[in-house]
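Visitor: I have a structure I would like to understand better, so I am pasting it below and will then ask my questions one at a time.
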Amino acid sequence: MDLDTLLSFEWGAMAPEFIILGVATILSIVDLFAPKHLDRKIFGWIGFAGILLALASLINLVGLGPVSILYDTFRLDGFAKAFKILLLIGAALVMLLALSYKPKEGMEEYKGEFYYLLLAGLLGAMMMASSGDLITLFVGLELLSLSSYILAGIRKKHLPSNESAMKYVVNGGIATAFTLFGMSYVYGLTGTTNLIEMTNVLPNLANAQYIYILGIAFFMIFVGLSFKLATAPFHMWAPDVYQGAPTPVTAFLSVVSKTAGFVILIRILLTVFGNAFAGNSGVAAMTNFLVGMQDYIAFLAAATMIIGNVVALRQRNIKRVFAYSSIAHAGYLLVAVTAMSSFMFDALWFYLGAYLFMNVGAFAVIQLLTQHTDNEDIGVFAGLYKRAPWLAVAMGVFILSLAGIPGTAGFIGKLNIFIGALASEPAHYVLASVMIATTVISYFYYFGVLTQMFFRPAAEDEGEGGKIRVPVGLSIALVICVVATIVFGLFPNIALDFFHTNFEGFADFLQ
Amino acid sequence: MTFSGELLAFLCLALVAVIGGVLLLNLTKVVHMVVALVFTFISLAGIYVLLSAEFVAVVQVLIYSGAITIIMLFGIMLTRHNDTSEPKGGALKKIFLFLGVLGFGVAVYIGIYNLDFNPQATTLHENNTEQIGMALYSKYIIPFELTSVLLLVALIGAIILAKNDNKKEADKE
């Protein structure tokens with residue numbers, strides 16, 4: 001390959017990735033040579049600006065048709081664009097949270113590293129969203145995982161942080177092994193790592209033996225990726241890691257990492273295993289294969305919703321409550337994946353977007369209340385309405401949205417998924433009823449937080465220290481999250497219309 | 001399946017690899033575990049040679065049996081080198097684990113024991129290394145470059161986690 005061929009590709013389509021990579025590299029070099037006393041907070045603002053710039057360049061690319069560089073190792077289609085927008089917004093909000101993060105024992109020495117590791121993780125997540133090749137997808141997955149492992153353990157003097165990083169690495173290693181094992185079988189069967197080529201090869205392999213192996217491969221890939229989603233059977237790490245990791249990192253894991261997990265899952269599921277779904281090859285055995293797998297995903301979705309919501313009832317630590325709540329939300333999203341209705345993409349995209357705003361907002365409030373004392377008991381919310389009324393109202397909005405009360409974005413998201421489960425053929429009545437039942441269960445723990453904020457008196461020893469000062473970065477993030485949660489709850493069509501006009505239901509998914 | 005020298009070689013190598021893995025789990029001294037691991041690595045390299053993937057075989061010996069093992073030994077020497085792992089778990093747990101592993105093994109075996117692929121590629125051994133290089137630096141240049149970012153992240157992470165950050169010592173320097 002000579003230089004002309006190399007330059008003939010549309011590298012402009014990769015502009016958002018190049019921006020993130022460039023900012024991360026520059027920050028790491030500047031960090032090395034900058035004087036020790038320089039406040040590394042400026043890095044955070046540069047990183048934030050970089051993410052916004054990448055977002056702007058991505059929105060600039062929205063009108064572009066599907067671009068494929070070097071045999072699909074990078075591809076920019078509607079699917080990639082839609083989800084990369086979510087990833088970038090999520091990462092920008094998390095960056096704002098990180099800017100205002102001041103743990104008790106101080107983290108000045110690693111502030112700089114914190115920001116560019118966050119950017120590196122974001123780069124991995126973006127590559128996971130826009131590639132049509134198993135190798136790139138896997139490298140992106142590992143880049144995200146590796147950055148997250150380090151971020152989780154970056155508070156070196158804080159024992160729970162060390163524990164959480166260790167647990168995350170061990171569990172992540174096992175999950176990666178599962179994923180890679182499954183991928184290797186798919187590669188062995190089809191002889192290619194390119195997802196689209198696989199779609200063309202697989203219909204020729206429709207005999208019982210191959211389908212059996214494909215089943216094993218599917219099972220392994222799904223189990224491995226369920227680690228990133230924090231769904232059953234790989235959810236056990238979530239409470240410990242969420243609790244121990246610094247709060248901005250927890251927000252990153254529960255929003256950006258989860259979104260990236262769903263993106264890679266859908267990409268592999270629908271292109272490799274779902275060619276019957278796309279309707280371009282009606283091999284009967286293949287269709288049976290996917291329907292059989294559907295029952296399995298449905299079972300996992302139900303198990304995830306039940307485990308997440310029921311165990312959350314017993315938690316006293318606020319970050320553990322939100323860890324189980326995040327497991328439960330992954331379960332709701334799996335319902336959409338199971339149903340595979342015609343508007344699965346809309347439902348998933350909208351729900352992930354709504355979840356992004358409400359969850360980052362909730363973590364912003366949690367960070368503000370818990371960082372000074374390291375006290376993460378649910379009691380820190382006691383009397384918040386008296387101490388800081390606006391903060392309490394904001395948190396109230398997020399909680400209502402997470403619970404799925406009408407008038408918030410969370411409600412619309414849940415409604416979309418619910419209708420999708422009933423509208424698909426065959427309708428998933430059991431799954432839909434499990435979803436309703438577990439949502440009702442979730443009201444108990446969500447409203448427990450509300451009771452603390454509005455009806456409980458504040459603890460006495462905080463008499464004069466009750467004043468809460470909200471840092472600039474955090475207040476920007478809070479305002480954005482509150483506004484988005486309410487606006488998308490009242491006028492969901494703003495988001496859905498944008499989605500339909502610009503991405504045309506991902507018609508270019510398999511091109 | 002006919003009996004051939006290739007099959008015999010494969011059986012020996014596979015047996016050594018599996019025994020190495022089992023020993024790794026059952027031995028109690030860390031240094032012995034590393035030695036067991038080396039057996040697995042080297043026999044895997046032998047299997048790669050049988051599959052005419054010479055380059056991968058050489059890399060396997062260099063990186064895994066060489067570099068990684070040495071780093072592990074260094075790690076063991078610099079920390080508690082007489083460490084032994086405590087026996088863990090009850091008998092019931094062990095039985096369940098064994099059944100799980102057995103079940104998985106059977107499930108995979110059912111899938112592969114009678115697998116019949118279409119005619120295999122026969123040119124894999126010709127200029128093996130060159131072919132890999134061509135693919136890596138042209139077709140797969142994007143994941144290749146992304147891997148370098150991955151390594152950078154791993155490097156920075158290792159420095160963050162391992163650096164001795166005693167403030168006073170840092171000021172003395």
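Even glycines carry a Cβ here, placed using N, Cα and C.
OK, TrEMBL features for this one:
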DOMAIN    A:131-435  domain 'NADH:quinone oxidoreductase/Mrp antiporter transmembrane'
TRANSMEM  A:12-30  transmembrane segment
TRANSMEM  A:42-62  transmembrane segment
TRANSMEM  A:113-129  transmembrane segment
TRANSMEM  A:135-154  transmembrane segment
TRANSMEM  A:210-230  transmembrane segment
TRANSMEM  A:251-276  transmembrane segment
TRANSMEM  A:296-314  transmembrane segment
TRANSMEM  A:321-343  transmembrane segment
TRANSMEM  A:349-369  transmembrane segment
TRANSMEM  A:390-409  transmembrane segment
TRANSMEM  A:429-449  transmembrane segment
TRANSMEM  A:470-491  transmembrane segment
Visitor: Counting only residues 6+ away from its ends, which parts of the chain sit with a Cβ under 8 Å from the transmembrane segment (A:251-276)?
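Guide: Same-chain contacts beyond the flanks: 79, 83, 86-87, 90-91, 93-94, 97, 118, 121-122, 124-125, 128-129, 132, 134, 137, 140-141, 144, 148, 151-152, 186, 195-196, 198-199, 202-203, 214, 218, 221-222, 225, 227-230, 241-242, 245, 282-283, 286-287, 289-290, 293, 322-323, 326, 330, 333, 337, 340, 348, 352, 355-356, 359-360, 363-364, 367, 509-510.
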Visitor: Where among A:113-129, A:135-154, A:210-230, A:321-343, A:470-491 do we find the most Cβ pairs under 8 Å to the transmembrane segment (A:42-62)?
Guide: A:113-129
Visitor: Which sequence-distant residues neighbour the transmembrane segment (A:12-30)? Criterion: at least 6 residues beyond either end, Cβ under 8 Å.
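Guide: Same-chain contacts beyond the flanks: 43, 46-47, 50-51, 53-55, 57-58, 61, 64, 67, 69, 74, 76, 84, 88, 112-113, 115-116, 119-120, 122-123, 126-127, 130.
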